[in-house]
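Below: the structure, in structure tokens.
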Amino acid sequence: MSKRAFNFCAGPAALPDAVLQRAQAEMLDWRGKGLSVMEMSHRSDDYVAIAEKAEQDLRDLLSVPSNYKVLFLQGGASQQFAEIPLNLLPENGVADYVETGIWSKKAIEEARRFGSVNVAASAKAYDYLAIPGQNEWKLSKNAAYLHYASNETIGGLQFDWVPEAGDVPLVVDMSSDILSRPIDVSQYGLIYAGAQKNIGPSGLVVVIVREDLLGRARSSCPTMLDYKVSADNGSMYNTPATYSWYLSGLVFEWLKEQGGVEAMEQRNRAKKDRLYGFIDSSEFYTNPISHNARSWMNVPFRLADERLDKAFLAGADARGLLNLKGHRSVGGMRASIYNALGLEAVEALVGYMAEFEKEHA
């Protein structure tokens with residue numbers, strides 16, 4: 001096997017080598033059945049067993065309470081921007097949203113197509129370098145739900161606390177930091193996460209929803225987007241993204257073998273401490289995000305001279321350090337260090353950054 005590169009892509013992101021090797025071994029002949037998982041009927045006993053095990057492993061990893069449904073859906077997190085208000089926002093109601101970057105802004109824009117949205121707080125007041133404290137938020141009296149994104153992949157802002165919503169259902173986009181550290185699922189009404197960062201390949205979104213929030217969809221809500229329909233049909237109202245679901249199940253198995261989300265928290269803390277520590281000690285690289293809002297998963301940084309960006313990226317690619325270019329909306333660099341990347345990937349990046357700084361500072 002040729003040497004694997006270190007993939008710092010924000011998504012679709014790196015997958016564990018062990019997962020890819022397992023999928024490769026099972027590609028043509030899954031457990032002696034003589035066919036690939038991609039060829040299985042989603043109604044077959046074998047595939048149903050794959051799907052059920054994936055769900056149970058995810059429940060185990062996150063300690064999901066029994067009064068929550070776990071759904072494996074299609075359309076990615078972006079479809080949830082519409083699906084959430086269609087299911088949870090009454091036509092004459094209002095939903096509270098917190099805007100901390102591009103993804104939460106997209107969620108707000110989509111929700112406005114279906115009803116009234118109150119932007120309770122915005123990081124724009126801090127130039128998207130910090131998250132407003134909840135004492136600054138202007139929440140509605142009777143909001144249908146409170147929505148926020150726990151981690152903004154593009155700007156590199158992450159909540160290190162859970163908002164207090166009282167009796168209002170708390171809805172969170174955890175696409176980029178789910179499974180990176182322990183969470184208390186019972187604090188949320190609904191959690192959703194696109195798969196292609198910390199769960200598996202693209203084509204899948206996981207939704208964890210409290211049962212009392214089911215059955216609230218508008219009459220105009222398409223059947224395919226009704227959470228209750230999805231829950232009642234075991235996420236198989238139509239043919240699901242079978243192979244993405246299977247691969248995600250392999251990732252869940254790998255996570256359990258690694259020690260679960262508690263072990264991932266330690267691993268991710270070491271990675272982010274190493275990378276931010278190097279950036280902060282350098283006079284050549286900068287990250288302006290407030291320290292208590294810095295993302296553990298997505299680390300944006302800039303070089304002292306942006307004219308060196310192309311040379312930096314070319315040198316990184318030559319060393320097998322891939323996809324470090326920042327998002328087109330913000331520029332600079334971005335290292336996405338999800339669960340699948342180990343500390344050795346960060347050490348390789350820091351080593352190259354130090355070398356490049358020595359040559360160009």
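Glycine too: its Cβ is placed from the backbone N, Cα and C atoms.
Of the residues TRP30, TRP103, TRP137, Swiss-Prot puts just one in the pyridoxal 5'-phosphate site with ALA77, SER78, THR153, ASP173, GLN196, ASN238, THR239: TRP103. Of all the binding-site residues in the record (TRP103, THR153, THR239), the one with the smallest CA separation from LYS197 (N6-(pyridoxal phosphate)lysine) is THR153. When each of the recorded positions ARG43, LYS197 is scored by how many other Cβ atoms sit within 10 Å of its Cβ, ARG43 comes out lowest. Between the CA atoms of ASP173 (pyridoxal 5'-phosphate binding site) and ARG43 (L-glutamate binding site) there is a gap of 30 Å, rounded to the nearest whole number. Its Cβ placed at the centre, ASN238 (pyridoxal 5'-phosphate binding site) has 11 other Cβ atoms within 10 Å. A simple way to gauge crowding: the CB of ALA77 (pyridoxal 5'-phosphate binding site) has 25 other CB atoms within 10 angstroms, across all the protein chains here. GLN196 (pyridoxal 5'-phosphate binding site) counts 25 other C-beta atoms within 10 Å of its own C-beta, drawing on all protein chains shown.
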